[in-house]
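Data first, discussion second: the structure below is written as structure tokens.
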Amino acid sequence: MGYVRTGILMAVMTALFLGVGALIGGQSGAIIALVIAAGMNLFTFWNSDRAVLSMHGAHEVDPRAAPDLYNMVRGLADRAGMPMPKLYLIETDQPNAFATGRNPENAAVAVTRGLLRALTPEEVAGVVAHELAHIRNRDTLLMTVTATFAGAISMLANFAFFFGGSSNEEGERPMGLVGTLALMFLAPLAAGLVQMAISRSREYEADRIGAEICGRPLWLASALGKIEGLAQRIDNVRAERNPATAHMFIVNPLHAMGHDRLFATHPNTANRIAALRAMAEGAPQASRIPRVAARRGPWN
């Protein structure tokens, strides 16, 4: 089912990409956009996870350097009944995390240095479980493809500023100044709306399943509250440079969108916390974090 959703998404984003190309360069622009889109579809399926990790400067965690963290992730993956994903660390003080990969067998979880410093081991377990839920649900390919295409559509729309008003070799003049300006605004907005629809619909489900994986909904609820508060005060420079990836994070890392609920990439954090607290009232509780002592590990 995950591949079906991803195929539909690729078709929608490809159509949007072709539309932008046609508006910029008429028939020739559409043909060029089609060729680019075909290449992007292949690239995003096989390599988009590595591209996103590279955008954020993530480096793979050595199990010997952070055994407690590594064992925590492995224990949660075992509890979720899925393969152990690769584990990456992002060197930023903002607490946050995301998952990526085309399927559970080829997946990665990336956490920030700020997350490991600001949260308790229990809260980190809640966050990791949320990301594992995205992987198990096969949301990660969907979100990574969206991020790649949204960024490309935004760049293509910006090209319209330079080429949109000029005539092509057939004498066509697809866009004037007004059309160019409209395209620069509307194309990224359309891509962003697709991102928002996907992220909002999947976050609640990942919260629910993540809480089941770690066995303590309140661990994740507490983590979300801390991350939300700190993310609004601490910069994530690489996320600001790559806003198309914002919907992949557990909490929106962008300051500019933090209070804009109309165009938010995530559901309201207070509502997510309330849902987890309601879940905790009737849920059986796990007694400990999988395979890790109840202390701060050597990952600070």
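Keep in mind that glycine also has a Cβ here, set from the backbone N, Cα and C atoms.
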Check Swiss-Prot for me: it has H130, H134 binding Zn(2+), so pick out which one of E60, E91, E203 it puts in that same site. E203
Same-chain residues at least 6 positions away from H130 (Zn(2+) binding site) with a Cβ under 8 Å from its Cβ, in sequence order, are A97, A206, D207, G210, L220, I250
For H134 (Zn(2+) binding site), what is the tally of other C-beta atoms lying within 10 angstroms of its C-beta? 26
Using Cβ-Cβ distances, find the residues under 8 Å from E203 (Zn(2+) binding site) that belong to the same chain and are at least 6 apart in sequence, listing them in sequence order. H266, P267, R272
Taking the centroid of the Cβ atoms of H130, H134, E203 as the Zn(2+) site, which other residues of that chain lie with their Cβ within 8 Å of it, listed in sequence order? A99, E131, A133, D139, R202, E205, A206, D207, G210, I250
